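**Student:** Taken from Swiss-Prot, the feature heme b binding site applies to His106, supported by sequence analysis. Among the features that Swiss-Prot reports, FAD binding site is placed at Tyr210, Arg227, Gln228, Tyr229, Ser230, Met449, Phe450, Gly451, Pro452, with the record citing similarity to another entry. Sequence annotations record features per position, and here Swiss-Prot assigns domain 'Globin' to 2-157. Annotation comment: Swiss-Prot describes 171-278 as domain 'FAD-binding FR-type', evidence class sequence analysis. What Swiss-Prot records for 168-456 is region 'Reductase', and it gives similarity to another entry as the kind of evidence. Summarising the annotation, Swiss-Prot assigns site 'Involved in heme-bound ligand stabilization and O-O bond activation' to Tyr30. Marked as site 'Influences the redox potential of the prosthetic heme and FAD groups' by Swiss-Prot on the basis of similarity to another entry: Lys105, Glu448.
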Amino acid sequence: MALSEDTIKAVEATAGLIAAQGIEFTRAFYERMLTKNEELKDIFNLAHQRTLRQPKALLDSLVAYALSIRRINELYELKGKDLPWTGHLAELQGFFSVAERVANKHTSVGIQPAQYQIVGAHLLATIEDRVTKDKAVLAAWGKAYEFLADLLIKREEEIYAETEGPEGGWRQTRTFRVEEKTRVNEVICRFRLVPAKGGASVVQHKPGQYLAIFVRNPELFQHQQIRQYSIMSAPNSAYYEIAVHKDGAGTVSRYLHDHVDTGDLLEVAPPYGDFFLRYLEAGEQTAADTQASSEFQMLQGRAVNFAAEKTAPIVLISGGIGQTPLLSMLRFLAQKEGRETARPIFWIHAAHDSRVRAFKEEVDAIREAALPSLRVVTFLSEVRATDREGEDYDFAGRINLDRIPELARLEAGHANPHYFFVGPTGFMTAVEEQLRARSVPDDRIHFEMFGPFKASH
């Protein structure tokens, strides 16, 4: 249902007032909602409330939606009248990309339509408390929120159906058993998860996606905790593998390291996430392509299909534990293309030091067995006396793509490499700035940033 001009003007006029309050507005919203609806503490990441990550993310999303609402409404008006609308999609790509990321995150924690009503009521109450008591403006925001909620609810149902429908799929959570737990180093543990029901299959993930792990232990923490961990195994129908970095302040990471062992059971949501390597053979179509509503389907159709671009170079850049989704991509490429690959593939990893660098042996094994042309480059922020240049590391210091001449030669030769990168916020900012400085086109830059700040690209 289209929004009226009065509604759009009222929302546009007050967007700046909300933005001016900064995270104080969204912090007040969360405090109100989580006080009056304590059951939602089982869903929201309370650590992100304390660090203000979630309030910051909500503020950015809310203001961006308000400022784009006119163009979004125009698109849906045209769709409703069966008039050409796809021309509007390019300028709204940022909005729909963020909406897709939010929808995936919501499905991973099991958000249901009724919960949108709770959120909407507290959002309007916060606007009334802190921005305006004007009934017309509040009514306008109510309609605008309902418009957005309907869009997300529809998309989330499509995503639920996509992961539930195929063989091995499910909705909400399913019980898995820890088949193997391996301590990789002093801060990283690796878990292989299989269905608790022996012999059951799992839906194949897209390389780059994550699992949500649901943890409840009243002796250690009051509320259920949900965290997303990238899948590091290649897509298969038998198991998932994740790696967990033990964060000193991390409730769930410490719990998984210290209290979960081989044979223990965990509740797990299906694979989700909008950051993945798209690889469709000729004539192949995924459930996502057929079930997505047209505007999201259009965005997916614009994603690069690496099965069709057989010679497109791929550069995988990771910081710390950020290598896990890229490991899934690398393993997938090794399976799909292997020694016959016609594309240059780079594995560039940055770690603090050699003691916490993980999965070196696995990357070396992939290169030896399947991808002999794989170029592996390692940056260590701190080099120890026992580290050997050329074996334990290639460059000392923080990541600097200018120190890798092969990349410059690829770019100069118009090979147009695709860059996938994942890591902590500071690392991600540095890599993105370096790629922009090298004039890498937007459609060649693909990233996922830890935490709720930025959408995958």
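Using N, Cα and C of the backbone, Cβ positions are placed for all residues, glycine too.
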**Student:** Tell me the residue counts in helix, strand and coil for the domain 'FAD-binding FR-type' (171-278), as DSSP assigns them.
**Tutor:** 9 helix, 42 strand, 57 coil
**Student:** Limited to the region 'Reductase' (168-456), I'd like the whole-number average of pLDDT.
**Tutor:** 90
**Student:** Out of Tyr30, Tyr210, which of the recorded positions is least crowded by other Cβ atoms within 10 Å?
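**Tutor:** Relative to the other recorded positions in Tyr30, Tyr210, Tyr30 has the fewest Cβ atoms within 10 Å.
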**Student:** Using a 10 Å radius around its CB, how many other CB atoms surround Lys105 (site 'Influences the redox potential of the prosthetic heme and FAD groups')?
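**Tutor:** Excluding its own Cβ, the number within 10 Å is 18.
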**Student:** Which residue, out of the binding-site residues Gln228, Ser230, shows the minimum number of other Cβ atoms inside 10 Å of its Cβ in this structure?
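**Tutor:** Result for the binding-site residues Gln228, Ser230: minimum number of other Cβ atoms within 10 Å at Gln228.
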**Student:** Measuring Cα to Cα, how many angstrom lie between Glu448 (site 'Influences the redox potential of the prosthetic heme and FAD groups') and Ser230 (FAD binding site)?
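**Tutor:** Taking the Cα atoms only, Glu448 (site 'Influences the redox potential of the prosthetic heme and FAD groups') lies 11 Å from Ser230 (FAD binding site).
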**Student:** Would you kindly give the Cα-Cα distance separating Tyr30 (site 'Involved in heme-bound ligand stabilization and O-O bond activation') and His106 (heme b binding site), rounded to the nearest Å?
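**Tutor:** About 16 Å separate the Cα atoms of these two residues.
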**Student:** So, three-state DSSP: helix, strand or coil for Lys105 (site 'Influences the redox potential of the prosthetic heme and FAD groups')?
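**Tutor:** Once the DSSP labels are grouped into three classes, Lys105 (site 'Influences the redox potential of the prosthetic heme and FAD groups') ends up as helix.
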**Student:** His106, Glu448: which of these recorded positions has the sparsest Cβ neighbourhood within 10 Å?
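**Tutor:** Among the recorded positions His106, Glu448, the lowest count of other Cβ atoms within 10 Å belongs to His106.
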**Student:** In whole Å, note down how far the CA of Lys105 (site 'Influences the redox potential of the prosthetic heme and FAD groups') lies from the CA of Gln228 (FAD binding site).
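**Tutor:** Computed Cα spacing between Gln228 (FAD binding site) and Lys105 (site 'Influences the redox potential of the prosthetic heme and FAD groups') is 9 Å.
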**Student:** Any idea what the Cα distance is from Tyr30 (site 'Involved in heme-bound ligand stabilization and O-O bond activation') over to Ser230 (FAD binding site), rounded to a whole Å?
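**Tutor:** Cα of Tyr30 (site 'Involved in heme-bound ligand stabilization and O-O bond activation') to Cα of Ser230 (FAD binding site) measures 27 Å after rounding.
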